[in-house]
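As written in Swiss-Prot, here are the features:
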TRANSMEM  21-36  transmembrane segment
TRANSMEM  101-115  transmembrane segment
TRANSMEM  140-156  transmembrane segment
TRANSMEM  203-218  transmembrane segment
TRANSMEM  237-252  transmembrane segment
TRANSMEM  457-472  transmembrane segment
Amino acid sequence: MGLPWYRVHTVVLNDPGRLIAVHLMHTALVSGWAGSMALYELAVFDPSDPVLDPMWRQGMFVIPFMTRLGITKSWGGWSITGETVTNAGIWSYEGVAAVHIVLSGLLFLAAIWHWVYWDLELFRDERTGKPSLDLPKIFGIHLFLSGVLCFGFGAFHVTGLFGPGIWVSDPYGLTGKVEPVAPAWGAEGFDPFVPGGIASHHIAAGILGILAGLFHLSVRPPQRLYKGLRMGNVETVLSSSIAAVFFAAFVVAGTMWYGSAATPIELFGPTRYQWDQGFFQQEIDRRIRSSKAENLSLSEAWSKIPEKLAFYDYIGNNPAKGGLFRAGAMDNGDGIAVGWLGHAVFKDKEGHELFVRRMPTFFETFPVVLVDEEGIVRADIPFRRAESKYSVEQVGVIVEFYGGELDGVSFSDPVTVKKYARRAQLGEIFEFDRATLKSDGVFRSSPRGWFTFGHATFALLFFFGHIWHGARTLFRDVFAGIDSDLDAQVEFGAFEKLGDPTTKRQVV
């Protein structure tokens, strides 16, 4: 039988043994990829500077997912938070990678076994002796087992009852660590930024799944519903499974892009909305005003700002700044951050403090404009010097640095002032090493951007797959060419392939 490439899956349509085999092989490939990718990332990951060169700047993709579940130590003697480790144990990054690779091998062997021993009595109807699957019963079993797993994760792993807990941090991504989380059963549990909601929702969903599984194991579907939803057809299973997967993909694309407790910024990088809303800038401003209220000097106030917080307030860490087709990590774009130069304060010759207008997310270039505290334009870098009125030279702008490496240093040279004004457009000013990785200076997206793009794209494709297979199973008789005016109630091709001349057309 010659099948076109897009129809090859027909070979497992009525072959439950080999259907199991191909699913085992698929799981083996997924598990093997995860373990291998983890080992590759560990081989290229530099853990030496968790503040200025975190995992998300280095383009790590699977390490953040391991970390948010409680893995923080490596057999290489380092931990994600910067401490030295002597005995990482089996539940280290390498340990988890090895477990996935071993599991992949076992699944591979199981897939081969099921491919060879495909014709098991388990899959045959005792009454007819033909291959058949009790799909509603299988659905109940799967629902029950996934409910147990979901409940176990929420009740034991996340809460720390039997497990490490999950990664928890403050809203500004400064104090993150793995810790047990108590379930949040009130309205706050529905806040996507409250970690307790992860525990309570898994517990609640798990209980619901267990009860629903038991229901489907003990209650048979009515005949009208069974036939109406084509519950005897394995393509119905495919269609509804695709629906579950694309729905989950859309949800996680949203929680990743907009941010949530499940996608901490220390592991995946900040969101674009934190730049758009000046989230970190406002927190820095609040801290400076608080320090000034304690009669600290500007230099002392800015020196108290954590370098980590200042680094978040830099447009190069915005995942929406990198083009989707610019391959590579953020470090391959603007370079490896070496140090914070300090906060630049601009003043004109009349003593007005000037603020550089920050570049919006979707601009590649943006005019350099300096405004006073009332929003009045006082200086700029003109496009045409012949018509300029507010140039740095004419207005006499100087720049002073507070905190960071240039603390207390000021510049009045127009060329230098303009250089720092351009860089202040991009947020706090940092020094970057572009030589080590031959970085090209073009912004890249973070794993947050890649994950969102990938899952949103595949969710859309899977949505069409759901429609396609759902239509095929619901209108199977129409597509098979059965006369719609046929008086006899016929169950056509329930367990046999379409076009099989031995298929019985039995009047029900």
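Cβ coordinates come from backbone N, Cα and C, glycine included.
Long-range Cβ contacts of the transmembrane segment (237-252) within its own chain (Cβ-Cβ under 8 Å, at least 6 residues beyond either end) map to 135, 139, 451, 455-456, 458-460, 462-463, 465-466, 469-470, 472-473. Counted over residue pairs separated by six or more positions, the transmembrane segment (101-115) shares fewer than 3 Cβ pairs under 8 angstroms with the transmembrane segment (203-218), which leaves the two as not touching.
Tertiary proximity for the transmembrane segment (203-218) is limited to same-chain residues at least six positions away from its ends with a CB under 8 Å from its CB atoms, namely 136-137, 139-155, 183.
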